[in-house]
Structures are given as C-alpha cells and as structure tokens.
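Engineer: Before anything else, here's the structure in question.
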Amino acid sequence: MPWIQVKLNATSENAELISDMLVEETGALSVTFLDAKDTPIFEPLPGETRLWGETDIVALYDAETDMDLVITQLKASAVLDDNFAYKIEQLEDKDWEREWMDNFHPMKFGERLWICPSWREIPEPDAINVMLDPGLAFGTGTHATTALCLEWLESIDLTGKTVIDFGCGSGILAIAAIKLGAAKVVGIDIDPQAITASKDNATRNGVAEQLTLFLPQDQPENLVADVVVANILAAPLRELSSIITAHVKPGGALAMSGVLDTQANNVASYYSDNFTLDAIAEQQEWCRISGIKK
C-alpha cells in the first residue's frame with residue numbers, strides 16, 4: 001500500500017525527543033535518522049547512540065493519515081521551533097523486496113573473484129564465485145573495506161596456506177580465501193551471530209569443512225597462520241595489535257581495513273616494528289594496511 005513520508009531537520013540534541021514525539025503523539029509507524037551533512041560517525045562507545053550534528057528525521061505514516069492534523073500537532077509541540085521546516089511526500093506502492101533485491105549485483109574483485117547474490121546469474125561460471133546474500137548486517141562486498149580486503153586476498157598466492165579471518169562477520173573473506181586455494185581458514189568474531197552467519201555461508205558455498213570458527217574466548221592458544229586479514233575498525237586494530245601480530249607467522253602476510261584515511265598512519269605505527277609494510281591502499285575514504293612479518 002502507499003505511504004506518506006515526512007522529513008524534518010533536527011540536531012543531535014533534540015533528534016531522539018522528536019522521534020519519540022512523532023511515534024507517541026502523531027502515530028508515525030516508523031522513524032529513521034539520516035545524516036543531513038554527509039558527516040561520518042564511527043566507533044560509538046558501548047551503549048552510546050551517536051547522531052550527526054544535523055540530522056534529518058524521516059517519519060512514515062499510513063496513506064490515510066490526516067497530515068494536516070499531524071502538522072498541527074508538530075507545531076504545538078514544545079520540542080520543535082515554531083518555524084521548523086518540513087517536507088511531505090507521497091510514496092508510491094512498490095514491491096519493496098524486489099526493489100531491494102534489484103540493488104544487488106554480482107561484483108568482481110581482481111582478475112578472478114566474484115561475489116554473487118543467489119538470485120543473480122553467475123557472470124563467469126569458470127571463475128572463483130562466492131555466493132553470498134545480504135543479511136545479518138555483515139559484509140557482502142559492497143563496502144570499500146571489504147572490497148579492499150577481497151582484492152588483496154585475490155592478489156596473493158593462497159594455495160595450501162592457513163588463513164585467519166580476524167573479525168569474520170559474514171565469513172565473506174574466509175570463504176573467499178578457501179575458494180582462492182587456502183587449505184584451512186579460521187574465523188574469529190566476538191558476535192555469536194557472526195559465527196552463525198559464517199557457518200551458514202560456508203555451508204552454502206561447500207567449504208564448511210575447511211572453515212573453523214571461534215569466539216575469542218574459545219580459540220586455541222598460540223593460534224598462528226600464514227595469512228591474517230582483519231577488517232574491523234581503527235580502535236580495535238590499535239588495542240589488539242599485539243594479539244593480531246602474534247597470529248601471523250614469521251614471514252607471513254597481514255592485511256587490515258576498517259580504517260579511514262585520517263587514521264591509517266596512526267594504525268600503521270602500531271605494526272611497523274614487526275612488519276615490513278606496503279604502501280597504504282585507498283578506496284574512497286577507506287584504507288588497507290598490509291605487510292609481511294619480519
């Protein structure tokens with residue numbers, strides 16, 4: 001059915017108050033926060049909900065809603081200024097599931113690696129194909145950090161190697177490593193949902209026997225590999241640098257992403273004593289740090 005959308009501008013200080021008011025007083029069915037100024041926010045503290053300095057609030061209503069009454073209620077609210085700006089838009093009825101699926105296409109990384117959603121035809125059946133559908137909020141190859149790691153894995157010889165995917169998420173990097181020739185891969189993640197997602201995706205790709213998955217507290221001691229890839233964030237890459245370094249065999253390779261260009265040199269400094277680092281690779285505002293352990 002069709003919907004009515006109302007967009008308001010807010011600040012980080014009053015956005016949640018406005019959201020509560022839209023739901024409780026005007027009957028909004030959903031409320032979404034959007035960045036009004038294209039300003040990234042990363043690494044909130046545990047339990048913290050960060051919002052942008054200028055935040056757009058988008059509220060969704062049933063098409064039968066009396067929007068004149070909604071606007072009257074908004075104007076009477078103490079949360080909003082008297083002269084607040086708003087935009088009302090009628091949303092056409094669509095097959096939203098089909099619309100969502102249409103946005104995902106097979107993606108190629110390097111010369112031979114493809115990530116393909118299950119509902120799409122495989123472009124190159126003889127290439128290395130990882131079947132992976134979006135879900136569970138974990139990587140599917142669309143983000144620059146995942147792409148940087150996939151391109152790196154595709155560029156090195158993994159034949160017969162052992163690999164650790166540190167922060168495995170969906171398992172996309174671990175599965176790609178196996179399909180690229182790795183003999184055995186270990187995936188580690190703090191989130192039990194990630195372990196479940198990785199296991200399911202590995203089974204779907206026929207590589208479950210080569211993938212072992214651990215929560216950090218369950219992993220064996222002295223776990224090392226020829227290749228380690230860690231697509232997480234700058235803060236844990238700094239805080240866990242000694243642990244990540246210890247996972248790499250002497251002469252082994254390490255690649256890390258989840259790092260902004262403004263953070264890359266600082267993160268690299270935590271590894272430069274133990275690794276001969278490559279030039280930092282960049283895609284959009286994201287970076288990959290890689291090197292060989294001394």
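Note that the numbers count up from 1, one per residue, in the order the chain is shown.
For all residues, glycine too, the Cβ spot is worked out from N, Cα and C.
Swiss-Prot lists these features:
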- THR146, GLY167, ASP189, ASN231: S-adenosyl-L-methionine binding site (BINDING)
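Give me the structural setting of these features: burial, nearby parts and distances.
Structural biologist: Every protein chain considered, the tally of other Cβ atoms within 10 Å of the Cβ of ASN231 (S-adenosyl-L-methionine binding site) stands at 26.
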Engineer: How many angstrom lie between the most widely spaced Cα atoms of the S-adenosyl-L-methionine binders THR146, GLY167, ASP189, ASN231?
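Structural biologist: Output for S-adenosyl-L-methionine binders THR146, GLY167, ASP189, ASN231: max Cα distance 16 Å.
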Engineer: In sequence order, what residues of the same chain, 6+ apart, have a Cβ less than 8 Å from the Cβ of ASP189 (S-adenosyl-L-methionine binding site)?
Structural biologist: GLY167, CYS168, GLY169, ILE195, SER198, LEU213, LEU215
